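> Below are the structure tokens for one structure; questions will follow.
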Amino acid sequence: SFTDPAVSMDLLRAVLQPSINEEIRGVFNKYMKFFQKAAINVRDNVGEEVDPEQLIQETCRSCLEQAKLLFSDGKKVVPRLPHEQAVPKRARQMDEELNRRGSPVPKKRKGRPPGQSLLNDRGVSGMAAWKLKVSEPVRRDGPKWDPSRLTETTTFVLGSRANKALGMGGTRGRLYIKHPHLFKYAADPQDKHWLAEQQHMRATGGKMAYLLIEEDIRDLAASDDYRDSVDLRLEELKPFIPPAWMTEKMQKHMETLRRGGDAPPPEGPPE
């Protein structure tokens with residue numbers, strides 16, 4: 001009964017949309033293992049501030065934006081997402097070349113088909129393949145999160161040394177992911193200058209450096225998870241006492257986190 005072509009077609013689209021959405025979801029589930037591996041790798045390298053689920057959702061949206069080019073009339077240009085402006089030229093050329101061929105999917109190679117994801121191997125199906133499990137919120141209360149415990153005699157250790165001491169030296173950021181309840185402080189340029197001057201660390205430029213409370217790491221080392229580990233190397237800790245002005249900054253940082261505030265954005269990759 002409608003004479004407007006656009007309205008007629010949109011009515012048909014509305015009827016078919018649920019089926020289309022379901023098939024699109026199935027396509028993304030085939031490639032979800034790649035997105036998950038990449039997102040978890042980013043979190044391992046950067047720290048638990050990274051939300052893998054958010055990264056995956058943004059990547060899926062970006063895929064859908066690029067897929068619009070398959071139906072471009074040659075005049076309308078699909079706007080790129082802000083972060084895509086920084087994508088290397090070679091990557092953009094590959095994107096455009098694949099779209100010109102009519103399909104964003106490279107030729108299939110012999111071996112395991114994309115559909116056999118790690119999620120299927122583990123017996124997870126349905127919606128679990130679409131969304132990562134949401135982690136429990138980090139609790140920041142109790143005596144360990146009382147800023148008054150940080151005094152001018154409190155000893156700290158570098159996050160990189162704590163990783164080595166607990167046998168995690170080969171995976172940057174693993175300590176922060178496994179124990180998100182730990183207090184950690186991201187050293188700013190002024191802090192890093194002092195740390196380098198005192199030879200606690202090398203001059204790292206934009207590299208991230210975290211400070212942890214030595215007592216917290218020793219408590220972990222004495223726990224059931226670590227005390228019998230052959231990889232335990234507490235001599236790697238090399239604790240130190242920071243100057244009063246740095247301790248005061250850490251007290252304020254702890255108070256901010258305890259009240260539910262956000263940590264400042266990292267300046268670079270973790271040590």
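The backbone N, Cα and C atoms fix where each Cβ goes, and this holds for glycine too.
Residues or ranges marked as domain 'DNTTIP1 dimerisation' by TrEMBL: 8-73. The feature region 'Disordered' is assigned by TrEMBL to 82-120. Annotation comment: TrEMBL describes 82-100 as compositional bias 'Basic and acidic residues'. Annotation comment: TrEMBL describes 154-250 as domain 'TdIF1 C-terminal'.
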> Average pLDDT across the domain 'DNTTIP1 dimerisation' (8-73)?
86
> What are the DSSP helix/strand/coil residue counts across the domain 'DNTTIP1 dimerisation' (8-73)?
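Across the domain 'DNTTIP1 dimerisation' (8-73), the residues distribute as 59 helix, 0 strand, 7 coil.
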